[in-house]
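**Student:** To start, I am sharing the structure in question, which I have written as structure tokens.
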């Protein structure tokens, strides 16, 4: 969901900075790479949603498939992120990073098959 | 080396044991499939290979269109003969999964040069899929416990009457494939949750899509999985595996479910689907909070974070509430709402309450449908509580929810049956695990032995141990084991007999042909339904509109192949009320209605001669009620009762009743059959009236004679079929 990133915004400035610093220090590069993708997807979703709310919902299926593809891609990428995150190693004993990526690829293909079918 | 209660071969290599076990599993599953298919064939063997009931006739007709004209024609099929002046867009008002499945099987068999008639595929689809259901239940239960419990569950669901009742050969209804899809989607969900694999989540979403395309009961899955996820979150069992499984299922599943035209935008706009969306949002929040927490250490900040999560959650929930109030999100439809407020349908939507399978379930039918599974079921749920892994919670929630729904509505017995089988199999297999285990408990090990697993405390455990008389517990000797095991085997075999008996006597009659036993045990087949329908098919013009009560709409369209005014897809209540009004008005008032709708034939089912209680006079009050809902000024239910408030058809019947079209058509020349004697209506056990005059135009009279006296009027202008006993369930 697009709104989730704002949750710590209610905190004061100082913790946010420390959070940013901790994130920069502790996160491996490939996770940062996924996070950049996530951020991009979130922006895309926000723009589409704003367009839908402010301008028109007319081809509603087109909006739903576009928005659904960003949301779906977001959660699939977030799933990939948590699967390859070294911190979660013990949770995903059966899922190697390569397997996680293959799952991600397959999930995205299926998702986009339905998206294109629904664009109409 | 612990002492053993009975000798066990020790010289077998583990590989041999493993291979033999898997061979046994394959053979057992094959046998279970065979039993599941074979026990559903009573109706074919006793009668013939024919489609049963009412709804399957529409599915069959649609499948014929699909098989003969191809998929695109079926997808865009506009049926001008249903709901006569209006027509019906079939492609957009049907769950196409069932038809597509049998269409695929049909084309597949054609490609293999096995030209099987489409009707036989439709008739035998449900037994075939019951074998898949048994396999899916095996896989599901295997995730809950182990393979042996899985085999038991597969055997249970293979023959349990609760599921057979909706899947006998010829019962070509959506439930035929839906229960397989239900169990398989649940299995994939559990698997995805256990492994944290997006692959299984994706496959679960694809099968969820298939389920959405197949049955309106997909809403059960849509709410079951979110409830499970929500309970996991609230129990503090949030894991990234849950996030991966749920999000991959929801994102793909929701988008795919919207591809079904009948579902359309519902997953984002109706209350039934909002639970899934809400849990999806909550999971994002919780996952993000988890991520942030892993980066910061400050206690205060964590507190703040938690508050922020709760605040945003509350905000989101109130947004849902707001949108529901303003109407942006559609409220619960009456069909689902009547599950919560059980008096709702009777008060406001008589058409839902008028269907007999929407009534509450009585206790005997639980035992008839599930026999001993019914009392093993709670034991299995309790065993799930004792272990309580993530997937056991699923069984518990499923058990609680579906027990409630099955108690409210007879037809939802069907969704209860799988979980009863799973849970009973867990209970029984746990029992057998203990009593088939040859290891004797002994004193030395007792201190470190696993917590005593003995079920019913053994009578004399202390005699075996010489020193410690107090603490040794467990099962000693082979005799105690044999008693319990033989008792279990006896129960299991009795279960098989019960299931076969119930299936053959109660659930295997094709309702299109009615069988009655003569006094000498000979069987009479009353085939009046089809005779009437074929009369219509052969002796009327192709565009002659037939008016009947909505129950028979699909059968008229399927067998008589004539346009109907209303049918079993009750999407237009006003149109049904029009028919109800025409049936319950006097002839002068009814005739203009008939003319306005180009009605040429009126079909009335009358069972007064042979005691067929499901006839139109017994349904008449529902017609009146439904018509009254739309025209309260012209039709009043109280007018159809005698002054003392009785529903009578004899001389004491009220004036409105006697003048109604339904009454006159049903009893027209009925008294003539009795040759001057007092005419008796065998359903109502009342004297039937004499001298009923029909003023409506009639062209020609078609008279039939059977070996038993038979209502002779099938008239040009007004066809009428007399039929015998058949309870619509």
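Backbone N, Cα and C define each Cβ position, glycine as well.
Keep in mind the model is a prediction, meaning the values are calculated, not measured.
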**Student:** What range among B:346-365, B:366-385, B:426-445 does TrEMBL record as transmembrane segment?
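**Tutor:** Of the candidate stretches, TrEMBL labels B:366-385 as transmembrane segment.
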**Student:** For the domain 'STT3/PglB/AglB core' (B:543-602), what's the mean pLDDT in this predicted model?
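**Tutor:** Mean pLDDT for the domain 'STT3/PglB/AglB core' (B:543-602): 89.
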**Student:** Should the transmembrane segment (B:366-385) and the transmembrane segment (B:147-164) be scored as in contact, given a threshold of at least 3 Cβ pairs under 8 Å and pairs 6 or more apart?
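**Tutor:** Answer yes, regions in contact.
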**Student:** Please report, as numbers and ranges, the same-chain residues at least 6 past the borders of the transmembrane segment (B:482-503) whose CB is under 8 Å from any CB of it.
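**Tutor:** Residues packing against the transmembrane segment (B:482-503) from afar: 39-40, 42, 156, 159-161, 164, 168, 368-369, 371-373, 428, 431-432, 435-436.
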**Student:** How about the transmembrane segment (B:23-45) with the transmembrane segment (B:242-262) - do they touch, taking at least 3 C-beta pairs under 8 Å (6 or more apart in sequence) as contact?
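**Tutor:** No; fewer than 3 Cβ pairs under 8 Å.
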**Student:** Could you tell me what the rest of the chain brings near the transmembrane segment (B:89-109), counting residues at least six beyond its ends with Cβ under 8 Å?
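**Tutor:** Sequence-remote neighbours of the transmembrane segment (B:89-109) are 59, 62-63, 66-67, 71, 74-79, 82, 115-116, 118, 121-122, 125, 172-174, 176-177, 181, 210-216, 260-262, 569, 571.
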**Student:** In the same chain, which residue numbers or ranges, 6 or more beyond the ends of the transmembrane segment (B:147-164), come under 8 angstroms Cβ to Cβ?
**Tutor:** 21, 25, 28-29, 32-33, 35-36, 39-40, 130-131, 133-135, 137-141, 179, 368-371, 373, 413-414, 416-418, 420-422, 424-426, 428-430, 432-433, 495-496, 498-500, 502-503, 506-507
**Student:** Take the domain 'STT3/PglB/AglB core' (B:543-602) and count its residues per DSSP category (helix H/G/I, strand E/B, coil), listing them in that order.
**Tutor:** 33 helix, 9 strand, 18 coil
